[in-house]
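Here's the structure we're looking at; comments come further down.
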Amino acid sequence: MLIKKIINHSFVYAVLPKLPILLGFLILPLITPFLSDIDYGVYGIVLSIVTGITVIKTLGLDVILMNSYIHHCHSSRYKIVWNEIQGFIFVWSFVLGLLVTILLYFILPAEADTNKYLIILLTAIPIMLYSSLQVVSLKYYQLAEKPMAIGVRSLIFGVLTIFLNYYFIVNQKIGYMGWVWSMFIAETLTFLSFIYPLWIKNRLYPNFFFRRKTMKKHLKIGLPLVPHTSAFFLLDFSDRLVMLKMGVSTANIGLYDFAYKFAGYARVFSESIHQASTPLLIKSFKDNPKSHILRDIIFLENYIVAFVSFTIAIWLKEIFSIMVNNEELSLTYNMGIILTMAYVYKPMYTAMATVFYYYEKTKEFWKISFTAGVVNIVLNIIFIPIYGFKAAVYTTFLAFLFIGYAGFYVTQFKKLYSPNFNPLLWVGYTVLLLSSSYFFRDAEFITKLVLTIIVLIFTTVKIIPLIKTLK
């Protein structure tokens, strides 16, 4: 039953919201002739700044939202907690919006000077006004096991975003501003769509008269997650800012950002499974904390995510040749292969997240994630001047590998959950798949096909016994 729910919810989180991404992927040949590496560079920097701020918009309070719902979902008690947290996040979001304004003003490259103030306006408003409702709505439908509410909205507004991208980039020919305008319009409409079901129907509205003592208690649990959530910014987006600071051209930043965006298609798959399975695994873990079910489901997820990532990686050159109608951008597939395989870490991270969230051991997260983020920045500062901007690809892969597996050795995980996850074997398997996909990246069609079939057969042989055990 649990595995069926995970599959169904993963389908909704992975397929419906990601159909627009597929559509966006399919129209790449139409829009890339109207985009330059400068466009990707400028927007990559904007996205880095915005993401760096928004990763701390909840201050770790989403763990309080999750636990209060799990323990009190059959009464209205959780709404008291949720409304106070929503009010607090609403106030906090204004601080974040102001910070984004300041950072964009001083960090945007010279190529964006003509649109600087418009970029600031279109990015700061959603952060200030939409964040609190966005946090609560996503968490509510996720925990209430109503993924369609999120999936349908993501599909509708995602498709709208793609058409807006085409309109602004191809018809209006405004380059990176096409992405900025499209995102602003889609976020505004998404926000408006949640007002009635959340604020009015379910009475989950912001309470600005939150209890200070209670909020301090919540923050003591949530704040240790801030270094953890910040770490994913340090890993995902700080590299662009480091490049900018170290004199890497906006054009080269754009090439790196384009490869990163392509790797994001593999990430979408692993993130969707993580998003769907975490609350379900926590509920299952609550019923039987000593069961092997958690480990078996994580192994099942790991085999599937590894196969999907490998398939994308080994065929990335062919995918680029078909979909990317821009010679400079099409040559970034080498970087894309490594970045794609970096996201294989996610299922093992889900195992740690399930256990630590349940026991509210949030302080354990920063030991691995924040350390990985800081080390990633330090390595970028050291190696980018020596080996160029492509060094960030390798440091990112190593950092994600650390996040996925180091926690089994440097945290209390084994004390809280005893089944063996064989992390070193999974590291070896990930490195083997990466090496194979990279070494054979320019191989003949038949060679790649044979390798893909071999990995598929191996994956099938491994997951069938797991599925039988979990039934």
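Just so it is clear, glycine is given a Cβ too, placed from its N, Cα and C backbone atoms.
Listed in TrEMBL:
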TRANSMEM  12-35  transmembrane segment
TRANSMEM  41-66  transmembrane segment
TRANSMEM  87-107  transmembrane segment
TRANSMEM  119-138  transmembrane segment
TRANSMEM  150-170  transmembrane segment
TRANSMEM  176-199  transmembrane segment
TRANSMEM  293-316  transmembrane segment
TRANSMEM  336-358  transmembrane segment
TRANSMEM  365-386  transmembrane segment
TRANSMEM  392-411  transmembrane segment
TRANSMEM  423-440  transmembrane segment
TRANSMEM  446-467  transmembrane segment
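Spatially, the transmembrane segment (176-199) is adjacent to the transmembrane segment (41-66); three or more Cβ-Cβ distances between them are under 8 Å for residues at least 6 apart in sequence.
Same-chain residues lying 6 or more positions outside the transmembrane segment (87-107) and placing a CB less than 8 Å from one of its CB atoms are 45-46, 49-50, 53-54, 56-59, 61, 116, 119-120, 123-125, 127-129, 131-132, 135, 206-210, 215, 241, 244. Beyond the ends of the transmembrane segment (392-411), by six or more residues, the same chain brings 231, 235, 239, 242-243, 256, 259, 335, 338-339, 341-346, 348-349, 352, 356, 364, 367-369, 371-373, 375-376, 379-380, 383-384, 421, 423-424, 426-427, 430, 434 to within a C-beta distance below 8 angstroms of the stretch. The transmembrane segment (446-467) makes no contact with the transmembrane segment (41-66): fewer than 3 of their CB pairs lie within 8 A, with pairs spaced 6 or more apart in sequence. Among the recorded stretches 41-66, 119-138, 293-316, 365-386, 423-440, the one sharing the largest number of Cβ pairs closer than 8 Å with the transmembrane segment (336-358) is 293-316. The transmembrane segment (423-440) shares more Cβ pairs under 8 Å with 293-316 than with any other stretch in the list 119-138, 293-316, 365-386.
Counting same-chain residues at least six beyond the ends of the transmembrane segment (119-138), those with a Cβ under 8 angstroms from any Cβ of the stretch are 46, 50, 53-54, 57-58, 62, 65, 82, 85-87, 89-90, 93-94, 96-98, 100-101, 104-105, 108, 112, 150, 177, 180-181, 183-184, 187-188, 190-191, 194-195, 197-199, 204, 206.
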